[in-house]
Amino acid sequence: MSLAELGTSPWLILVVLVFCCVDAVFPIVPSDSFVTAATVMALASGASSGFIILLTAAAALGGFTGDCLAYYVGARVPVRRIPGLRSAKGQAAFHWVKRAFAHRGSTLLLTGRFIPVGRIVVNMTAGATSFPLSRFFPVAALAGVLWAGLATLMGMLAHHVLPDNTLLAVVVGVGLGIVFGLVIDWVLQRLPGRRPEQA
């Protein structure tokens, strides 16, 4: 299968769905970067608007499913046994998020989806603190849709600016997504009462 065929193949949609789901619990490569790259590849292959919508929906569904899985893991597994949260820094982040959930749980869920690795801590903490599922499901679903839409938009923008250089468009799109996530993280750390270091 050539790159052009893969860019418009239903397999790409399935791979995006599975990758976004797995990344929400076991991050290998940031899934938003993967969605952005997949969007650029699909557009470079002549994908229709309908295909891009399906790709975005698959990313949103995969992200939402993964967030629900992370919630379940957080509710069932003691946090101290979770890799990445065993360190002093990981524990500090967990306790900060735990306290913050009491006042702004929905906001944390929404913004946490846009921060690589941060989304795992937020969703597992939601499970560990028994954050109500009646609130978790709709907020996680909204976060998934907004996140997938933004990742796709980054890919569309990169392809529009660099239509004749797919590889460079992928790099630019992924770079935009990473910068956006870092900016959100930077802003959150500088808002009063939001810095994990203050926990």
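Glycine is no exception: its Cβ is also placed from the backbone N, Cα and C atoms.
What TrEMBL records for 39-155 is domain 'VTT'. Averaged across the domain 'VTT' (39-155), the predicted model reaches a pLDDT of 86.
Within the chain carrying the transmembrane segment (12-30), a Cβ under 8 angstroms from the stretch's Cβ atoms is held by residues 6, 38, 41-42, 51, 54-55, 58-59, 61-63, 65-67, 69-70, 73, 116-117, 119-120, 123, 148, 177-178, 181, all 6 or more beyond its ends. Annotated transmembrane segment per TrEMBL: 12-30 (among others), in sequence order.
Sequence annotations record features per position, and here TrEMBL assigns transmembrane segment to 50-73 (among others).
The feature transmembrane segment is assigned by TrEMBL to 139-161 (among others). Using a Cβ-Cβ cut-off under 8 Å and counting only residues 6 or more beyond its ends in the same chain, the transmembrane segment (139-161) has close neighbours at 20, 31-33, 35-40, 43-44, 52, 55-57, 59-61, 63-64, 67-68, 71, 106, 109-110, 112-114, 123, 169-170, 172-174, 176-177, 180.
As annotated by TrEMBL, transmembrane segment applies to 167-188 (among others).
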